[in-house]
Amino acid sequence: MATEKTKKTTGPPINEVDEQVKKQLEELSSKLELHKDQLILLQQTFVAFDVDKKGYIDIEMIGQILDMLGHQLTSDELQAIVREIDEDGNGELSFEEFAHLSARFLVEEEEDTEAILKELKDAFRMYDKEGLGFISTDLLREILKELDEKMTKEDLDQMIEEIDIDGSGTVDWDEFKAMMIG
Ligand SMILES: [Ca+2]
Ligand SMILES: [Ca+2]
C-alpha cells in the first residue's frame, strides 16, 4: 500500500537541478576555456532558440544565432562547421555541441588580444629591468633609434612627446601599450 512517505516526486528538487546545471557549466567552462559568464549567455541563447524545449536546436537556426553573435558565414562554411561539430550526426545540436561551436568563435578572438598583450608585457618587462613599472624616455629613445636608424633627433623628440602622455619623462605600461596598439 502506498503511503505519503513512498510517494515519488516527478524529478529532482529544483536546487539539485540548479547544481547539475552549474556543474555542467563549470565543466564546459574549463573544457572550452570560456568564461562562465559567456557560457551562461550561450545557454540563455540556446534556451531561447530551443523553442520546443527539446534540448536540441536545428542546424538552420545555428546560422541565425552565429549571425546574431556577429559571425556571418556562407551556407557552405556553416555546413562544414556543423558537420564537424554535430558529433552524433543527428542533424541537431545539443547544448554541449552548440557550446563547442560557439567557443570556437569566442576563444579565437580573445586569444588574439590576450596573446598580443602578453607579448607586449614581456617586452615591457624586458626593458624595465629593475621592475620599476616604467622605462625612461632615454631608454625608449635608444630602443626607437635601434628600430629605425634613419630617425632624426627631431623625429624622436616628437615621438617621445606623443608617447609620454603625462610628460613625466618616463613611459609606464599604459603609455607603452598605447604606443604599441594605439
Ligand atoms: Ca547532435
Ligand atoms: Ca609618462
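Just so it is clear, glycine is given a Cβ too, placed from its N, Cα and C backbone atoms.
Per TrEMBL, the feature coiled coil maps to 18-45. As annotated by TrEMBL, domain 'EF-hand' applies to 37-72, 73-108, 115-150, 151-182.
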| field | Residues from the same chain, set at least six apart from the ends of the domain 'EF-hand' (151-182), whose C-beta lies under 8 A from its own | value | 116-117, 120-121, 124, 133-137, 140-141, 144-145
| Three-state composition of the domain 'EF-hand' (37-72), taking helix and strand from DSSP | 23 helix, 3 strand, 10 coil
